[in-house]
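Engineer: What TrEMBL shows for this protein is this:
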- His216, Asp218, His271: Fe cation binding site (BINDING)
- 100-285: domain 'Alpha-ketoglutarate-dependent dioxygenase AlkB-like' (DOMAIN)
Amino acid sequence: MYDNNHVNGLSNSVFLCIRNTPYTKLNTNSFRRTLLSIVDNYINYANADVDSDGNLTDSSDKSNIHILNAENYSVHFVLSTNLSENSEPCSLYGFEDFPGVFVLRNFLTQDQSLLLACETLRSYINPPNNSNLLLMDPNISSPIWPSNSFKNLRWSTIGHLYDWGKRQYIGFTQFPEIIAKIVNQINTLLSGFYQPFTADSAIINFYSNSYFLRLHRDDAEETNDPVINISLGAPAIFCICKEDPSQFPLSCVVDSGSIIIMSKNSRRCLHGISKLYHYVKPDSSNLNGFETVKDTKTPYANPYFIKNLPQCPNDVFHGFTTSLDEDQISDVKDYLSKSRISISVRKAKL
């Protein structure tokens, strides 16, 4: 899942730069100057060509491409900006030079997102579903939400259960019908973009301001079917690399109810969540000065509108309710206002 060969690569350096940059300074001249310094450090030296005598040679063509990309780099806020006229609540976007990566914006309604989040916290994180808490304490008491243990929850798995240490799927629990229905609806809408599949597993990640998911590959599955990522709660910055991780990654903001699809060439590319959108690094107080965000004429990985689509029908959620009371639902809403749940759905077994 994690690839140590790329820890010090260009993509990872850009990923960490985004995390460490206050969100008010993303897409500014100072942000892009930092990216240019990354290019200088990692392209002109680490990736320079070597001649037969072991001397560094000029790699100006490669450097020029990366300099151009740094100067035009943007974290894309496609979730807060309509790129089409007369846009419906749900719309599909792709990204230039990143085939197979799509964002299905606002697919779930606010009420649907809340219901799914409530069920995730009420049920999907508890044994026998696997989680980092269960690995630490096989006798952990249930329910985990809203116990004191919950603050240490980082991930849980449902359906075919993923073992993070062995990087294998070991064990199985009932895969939730509601998630299968949501994925089937997405399959139907996007059947022209990828081959529909039957979901049988999901890894659920829980993000706070202090937690992020570094670049990794989803490569333990026996299939190459798409990964469909359902985002609930606070908006976050998602990054995905090209097949060649020495290139700049794509970065975009995803908000609650939106879906990320990784298919075809992007299916096994490095990807991760650099931070929740409003995260500010604790030691960045000296960077609070305002600087105007500047768009470029040719943004890197430019998002493009594909088409409007209907939101998830209420029929999909027919009969799906929560047993949480009003106070508990209020607690879930408060949690989602400052934290994020990511349900990463895939087909693990042939």
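Quick reminder: no glycine exception, Cβ is built from N, Cα and C everywhere.
Curation does not apply to TrEMBL; its annotations are automatic.
Help me picture these features in the structure, burial and contacts included.
Structural biologist: According to its DSSP assignment, His271 (Fe cation binding site) is in a strand. Remark: His271 (Fe cation binding site) has Leu215, His216, Arg217, Asp218, Phe238, Cys239, Ile240, Cys241, Pro249, Met262 as non-local neighbours, by Cβ distance under 8 Å and separation of at least 6 in sequence.
Averaged over the domain 'Alpha-ketoglutarate-dependent dioxygenase AlkB-like' (100-285), the predicted model has a pLDDT of 92.
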Engineer: In this structure, which of the binding-site residues His216, Asp218 has the fewest other Cβ atoms within 10 Å of its Cβ?
Structural biologist: His216
